[in-house]
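Comments concern the structure below.
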Amino acid sequence: MEQELNRLGVLAHSATDAQRKRLVENLRDLMISLETIDDTLERIVHTPFEIDGAKIGVNLGIFRTLTQSDASMDAETLAKMTGADPDLLVRLLRYFASARMIAEHGSDSFAANKVTRALASAKGESYVDVFYEMVLPTIHELPNFLERTHYRNPTDRYHLSFQDAFNWEGDLFTFFEADPHRQVLFNRHMQLQRSSITNWGTMATLLATNQSPDAVLLVDIGGGVGHQCERIRANCPNIQGRLILQDLPEVMKNALPIPGVEAMAHNVFEPQPIKGAKFYYLRGVLHDFPDDQCKEILRGIVGAMGVDSTLVIDEMILPDRNINWQATVMDLQMMANFGSQERTRSHWVRLIESTGLMLRDVLYHGLDEYQGLIIAVKTM
């Protein structure tokens with residue numbers, strides 16, 4: 001049996017990313033099929049311990065400390081380095097090892113592994129902090145919220161499990177305005193999470209038009225402080241034309257000073273002020289809103305589009321069946337926090353066609369299973 005498992009490991013190292021993901025899913029199915037009823041129940045009910053344990057490890061700096069050395073460390077050494085009580089720390093270390101967050105090489109001997117390095121990274125710490133402080137409280141309230149609302153699909157962003165979790169009357173955006181600490185956590189997480197899911201070869205080809213340097217090439221609508229505009233300038237250096245970054249006034253106060261990018265305050269629910277741009281770009285914006293509000297946003301853009309304008313929607317495009325667990329979890333997060341959702345291709349088509357647009361193409365980035373560019377033009 002060990003030989004078969006080793007053979008799978010070798011196969012995984014030479015597989016494409018799509019093959020690797022299929023292998024992971026198949027092995028997950030196999031693992032579940034081997035569980036007893038008690039195994040299954042224990043796995044499900046104890047899942048919250050992983051994020052709680054990871055948060056403790058991040059707070060203590062355990063993962064960072066272990067990754068700074070190639071050698072194993074004992075609990076006493078780690079206690080001195082972290083300031084934790086040795087008796088407590090050894091119990092935590094045993095849990096981390098059992099959850100495969102760290103490696104246990106012997107009695108009282110612990111070291112970093114692949115998971116440790118992931119949790120010690122800036123992206124890993126950001127994931128843990130944001131999910132522990134912001135996502136989990138909202139998801140924890142979701143069962144009670146759905147029961148209380150008689151299992152109706154939530155679409156009112158002011159009446160969600162998010163409001164129940166944080167005793168808040170406004171939406172998530174006003175919550176951030178009142179809580180700068182969580183706003184910083186969220187912005188940092190968004191920057192790190194989305195930094196590696198754009199296929200820059202695809203983007204460069206799309207944006208390579210014979211545009212006048214004085215004409216507007218792209219309007220990044222709801223683009224935050226400008227991280228994606230910065231990446232566009234860095235990864236597509238030969239494109240011609242102006243880049244305009246738009247977001248709310250309070251966001252634009254912190255816009256990055258990016259050469260070749262103009263910052264402009266704009267609310268997505270107001271008519272688009274830039275007329276006749278070559279590309280209007282919405283990245284991760286529409287999944288924050290239910291369909292009715294998305295239609296309002298899209299109609300505001302359609303009114304500004306010229307005959308040569310193209311709308312580019314950069315989002316997840318889900319299949320109609322066999323959606324992976326990561327995407328379904330994201331969909332439930334959007335429901336609980338925004339009253340919105342992730343959408344299938346057929347849903348996207350219905351949405352854009354209802355606002356005077358027609359689908360021209362879908363270009364998948366190929367770096368994430370479902371992330372892609374929805375290319376739409378104005379119906380004439």
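For all residues, glycine too, the Cβ spot is worked out from N, Cα and C.
These numbers come from a predicted model, not from an experiment.
Swiss-Prot lists His287 with the feature active site, proton acceptor, giving sequence analysis as the kind of evidence. According to Swiss-Prot, the S-adenosyl-L-methionine binding site annotation covers Gly222, Gly223, Asp247, Arg283.
Projection of Swiss-Prot feature records onto the structure.
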| residue | record | DSSP (3 states) |
| --- | --- | --- |
| Gly222 | S-adenosyl-L-methionine binding site | coil |
| Asp247 | S-adenosyl-L-methionine binding site | strand |
| Arg283 | S-adenosyl-L-methionine binding site | strand |
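Sequence-distant neighbours of His287 (active site, proton acceptor) (same chain, 6+ apart, CB under 8 A from its CB) are Glu315, Met316, Met334, Phe338, Ser340, Gln341, Glu342, Arg343. Surrounding the centroid of the Cβ atoms of Gly222, Gly223, Asp247, Arg283, where the record places S-adenosyl-L-methionine, the chain contributes additional residues within 8 Å, namely Asp220, Ile221, Gly224, Gln228, Leu245, Gln246, Tyr281, Leu282, Gly284, Val285. In this entry, Gly222, Gly223, Asp247, Arg283 make up the residues listed for S-adenosyl-L-methionine, with the farthest two CA atoms of the set 12 Å from each other.
Counting every protein chain shown, the Cβ of Arg283 (S-adenosyl-L-methionine binding site) has 21 other Cβ atoms within 10 Å. Taking a C-beta cut-off of under 8 Å and a sequence gap of six or more, Gly222 (S-adenosyl-L-methionine binding site) has these contacts in its own chain: Gln246, Asp247, Val268, Leu282, Arg283, Val285.
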